[in-house]
Amino acid sequence: MYFKLLFFPLFIGLISAQKINLFGEIFVGELLAISYMILRAGRLRLSTSEKKIVGFGFLWVCAQLFSDFYNQTIFSDAIKGVFTPVVFISTFIGLLNFLKSNFERFPSFVFGTLCGGLISLLLFPTEYFLDNFWKWGIGSAVIGLIYVYYSFFLQRKNLGLLFLLLIAFSVISLYFDGRSMAVFPLIAILCYKLFGANSSPVMAKPFSGKWVGLKLIIIVLPVLFCINLSASYLFSSASVLSHFSPASAAKYQTQANGTYGILLGGRSEILISGKAFLDKPWLGHGSWAKDRSGYLETYAVLKSQLGYSMMEGNEAEEFGSDLLIPAHSYLMGTLIWAGVLGGVFWLVLLNEIVSIFVKKMNLLPIYFYAGTIGFIWNVFFSPFGANARWSTSIFLAGIYSYVYYLKLKSNNKFYEN
């Protein structure tokens, strides 16, 4: 499928990617999407699945309100915490309706957001960007532009050339300490080759029916187990580690040699975020949950016992009741802040997205393959900050509007025949 580059959505994307501070970090695009939603309040079009997401999003907002009231969260933290789901869901609704009215806007809009975000980083670099420009900015923009260009703007697609390009990208990402950034493109193109690129829908049959998310988890868990074993062995090898900087090599070796391998080593926050959730499962610890119960001390002890600690005696510097409870996960962060009623939102959303992906996998471009893989990973293993809130809104609105676009095209072909 081929689309033209349109100036108006490209310009909107460039502007939308700029971040401002308004009771916390927020993107201009979020403000524009919320404004669009309000202006079209009487003409909003939502499918059953989209209404379900909005409904559970409202439940998340209520859960966060109750949690903050129960935990007596300070007002400034409570405002930011409650507005997180409000802004996220409202942005999703606004973007969705903007794109549903004309999906041809989407490729140019996303292209604009990627370029706009890159320009913003170059003009106003963060500390992370200055420390590792590829991992914390350039790499994400480059791979995003590759996916968008190949999926929507390239007329004659060459999967072999794309594969070589992604191999090169992965090698560069690995050099710059971006392991997930290096692996995900290869997983995306492998899945795209097997299930997409005009392949037979028969390939999707094992995932069809009810409980799609559960079926996927059953399949993915043993795959993750094998990846964990292989990666742990790989990053324990001196010959492999010699190609990295001393700091990166030391980190990889520590994570790989830990009791449960490199996957847990890279996301060891789960060791303590699970305990924090179980301590207050129903109402959570409140917005911007501070460590009032010594979780960081327990976390340091657990890491040391399991062989994941690298800081040894210096870990005391990380303790304090003003620090947040560690939760490197959309799901675990929400469970800790708002309790189980907030966290269930992500499980419902995950099941909806996986169901859509499975049903349409033979029709989706690689952009949505990469986006779905990234989304699944982020739900379990990435923090839900301002950047994640914005990028996730774009992905969700994109995949829902694309499916709607396919439906319209299918209906038009039916009537034409």
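Here the Cβ of each residue, glycine as well, is placed from N, Cα and C on the backbone.
Taken verbatim from TrEMBL:
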| type | residues | note |
| --- | --- | --- |
| TRANSMEM | 27-46 | transmembrane segment |
| TRANSMEM | 53-70 | transmembrane segment |
| TRANSMEM | 82-99 | transmembrane segment |
| TRANSMEM | 106-124 | transmembrane segment |
| TRANSMEM | 136-152 | transmembrane segment |
| TRANSMEM | 159-176 | transmembrane segment |
| TRANSMEM | 182-204 | transmembrane segment |
| TRANSMEM | 216-235 | transmembrane segment |
| TRANSMEM | 330-350 | transmembrane segment |
| TRANSMEM | 362-381 | transmembrane segment |
| TRANSMEM | 387-406 | transmembrane segment |
Positions whose Cβ lies under 8 angstroms from the transmembrane segment (330-350), at least six residues beyond its ends:
52-53, 56-57, 59-60, 62-64, 67, 81, 85, 213, 269-270, 273-274, 276-277, 280-289, 375-376, 378-380, 382-384, 388, 392, 396
Outside the transmembrane segment (106-124), six or more residues from its ends: residues with CB under 8 Å to it:
3, 5-19, 29, 99, 137-138, 141, 144-145, 148-149, 151-153, 394, 398, 401-402
May I ask whether the transmembrane segment (136-152) has at least three C-beta pairs under 8 Å with the transmembrane segment (387-406), counting pairs 6 or more apart in sequence?
no
The transmembrane segment (159-176) versus listed stretches 82-99, 136-152, 216-235, 362-381: most Cβ pairs under 8 Å:
136-152
Spatial neighbours of the transmembrane segment (136-152) far in sequence, C-beta under 8 Å, 6+ residues away:
1-3, 106-107, 110-111, 114-115, 117-118, 121, 125-126, 128-129, 162, 165-166, 169, 172-173, 176, 178, 181, 185, 365-368, 370
